[in-house]
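Input: a single structure, listed below in structure tokens.
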Amino acid sequence: MDSLTSLMSGFETALTPLNLLWALIGVTLGTLVGVLPGIGPALTVALLLPVTAKLPPVSAFIMFAGIYYGGMFGGSTTSILLNTPGESASIITALEGNKMARKGRAAAALATAAIGSFIAGTIGTLLLTFAAPAIADIAVQITPSAKFALIMLAFVTISATFGGSPLRGLLSLFLGLGIGLVGTDLQSGQARFAMGRPELLDGIDFITVVIGLFAIGETLYVASRLRKGKFNVIKLEGGAVMSKEDWRRSWGPWLRGTALGFPFGAIPAGGAEIPTFLSYTLEKRLSKHPEEFGNGAIEGVAGPEAANNASAAGVLVPLLTLGLPTSATAAILLAAFQQYGLQPGPLLFITNGDLVWGLIASLYIGNVMLLALNLPLAPVWARLLLIPRPFLYAGILVFSTVGVYSLNNSVFDLGLLALFGVIGYGMRRFDFPVTPAIIGVVLGPTAEAQFRTALQQSNGDFSIFVRQPFTAFLMLCALAALVVPQILKFRAARRAA
Amino acid sequence: MTQPPPTTSPTRPGISVPDLLVALALTALGIALLLGSFQIPFGINAVVGPRVFPLIISVGLTALGLLLTISVLRGGRAEPAAEEDTDMEAPVNLAAPGIILGGFLLGAAVLTTAGFVIGTAIMYFSVAWAFGERRIGLMAGVALAVALVTYEAFTRGLGLNLPPGFLKGII
């Protein structure tokens, strides 16, 4: 087994004391930012990128992977104890888990979420271990035109197919694509949209965009509609534990949630929201006591949380094998690879096998660490929710400033940061999803490069995008992903009328 | 931008002016990008020059902006997002984000002259104030402490270059 030998050497990389330390720092930070409102894994990795530039790439990515998985674990703590989902994939956990917590079953809800996340994360990583090299083998042969078509498909599914409003998702995507255009065109050396500013010739750093849209935008928006009065955080005594009965009721949902979550993450289908909803519906249907759902059924926490984490593992498949990010955090990870001069894709497994397998091995280790961090230490994390908001958000803003300023030591960048902060505020206020914009900024330049390479190979003949069967198939998928949901919606509306 | 609580139906008749402004601004941005694309030279010796992709994107953005404008004119309006610390029933307070933005820009403007510590302390203070904290002494103390610790950690610990300002030599 090729994967196994590679994985073993990956463990050798990941199990060095220093890399174990980075993994521990990563999962701790990840849980921390997952619990805290206003800051998440995507933002944290973006903030850390400038300061990790001096680390060896393997160590940096082991830490980033820890943050990525840790954020998922931490997010469920907030949903259960505070009833306010930090992201759409935690809506169900907030719904069902908070009901459990209110009935005095907070410990069991946290335990089933953490153990479920561990099981789903581990199975997901196992699937990644064996699926990724196989897909990479096939992906080596993908032509530039097919690569472009694949990016189109990801663009459409992420912004239009599964979002609330396809139009707003696409606008967000095009805004990101437009931002990605600013700067010197690498192929021709021509400046584009630089408006005569020398600072813009190098392009707008995606870190500035991410921190502006997420951190500053969120701070401005929350300030405008701040929840007044005391926080209704549920007290937690002792660690997260569950009874035999809870175990009996949880293991099925964990496995079924994993089965739903992983494929949804692996295909470019835009996030963990759909599988969590599917898992919830499935568990409700299979349950012997469906009346408990909506009043704190443990299955309603176990299944969706497993689905959420399995899809997080699934997202790494297209990221590592095709260089295709399907979530905001994955887009940041892709940009992080590019920052180190690495291009995720099929060749990465050959050229940087050490790094990839060290990263995958660290996911197994990180999952174990997260379980150990989250079960007994749950009350510690819960206390983080009591941090007074004025000091929390002020701190986030200061760290954002350091992160962006240290990119180029430029006050101009801080002006850009403020601009993207205002745009981020507007996107929240006017219901534009932020993820498509981030994907557009990070993936736009790659899309353009593949587009131009493909056309150069065909001497400017645009039919290259429909002539090759595989490219044509992907283009057709992208078109279907754009049109079919609209037709279904239209028909449903007509039937209702 | 005084917004009624989001319990009202989104299909309610009447045109929302803020929504219309956003839609028009996006359309205008698309047109501006389109005009900017024509400024880009064709490029030499290239089948596909640096102009083609920007043209596609700006045409797309303009078209999508127009679609949004049409949808707003037909009564469509956006539902503000619900976040972890927001209360959707509360009246919208635009002064708070204004204070944060003002404090941020002021801090950024003095960052190189007064130094990183003073600049970020101003930012910290303005956010804490905007979030309703009023214990001025405590805020100022925490702001300076956070700024100073961050400065020391990043310059000494991580070797970054942050401007010391007039505190040069002291910190």
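Cβ atoms are placed via backbone N, Cα and C, with glycine included.
Quick look at what TrEMBL lists:
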DOMAIN    A:20-439  domain 'DUF112'
TRANSMEM  A:20-49  transmembrane segment
TRANSMEM  A:61-82  transmembrane segment
TRANSMEM  A:106-136  transmembrane segment
TRANSMEM  A:148-167  transmembrane segment
TRANSMEM  A:203-223  transmembrane segment
TRANSMEM  A:315-337  transmembrane segment
TRANSMEM  A:357-378  transmembrane segment
TRANSMEM  A:390-407  transmembrane segment
TRANSMEM  A:470-488  transmembrane segment
Here the stretch out of A:203-223, A:315-337, A:390-407, A:470-488 with the most C-beta pairs under 8 Å to the transmembrane segment (A:61-82) is A:315-337
The transmembrane segment (A:148-167) and the transmembrane segment (A:315-337) contact flag, 3+ Cβ pairs under 8 angstroms: yes
Residues of the same chain, at least six outside the transmembrane segment (A:20-49), with any C-beta under 8 angstroms of its C-beta? 14, 55, 59-60, 62-75, 77-78, 84, 86-87, 206-207, 210-211, 214-215, 218-219, 222, 327-329, 331-333, 335-336, 339, 362, 365-366, 369-370, 373-374, 381-382, 384-385, 387, 392-393, 396, 399-400, 403, 438
For the transmembrane segment (A:106-136) and the transmembrane segment (A:315-337), check the count of CB pairs under 8 Å (sequence separation 6 or more) and say whether it reaches 3 or more. yes
Long-range environment of the transmembrane segment (A:390-407) - Cβ separation under 8 angstroms, sequence gap at least 6: 36-39, 46-51, 205, 207-208, 211-212, 215-216, 219, 222-223, 413-414, 416-417
Average model confidence [pLDDT] within the domain 'DUF112' (A:20-439): 89
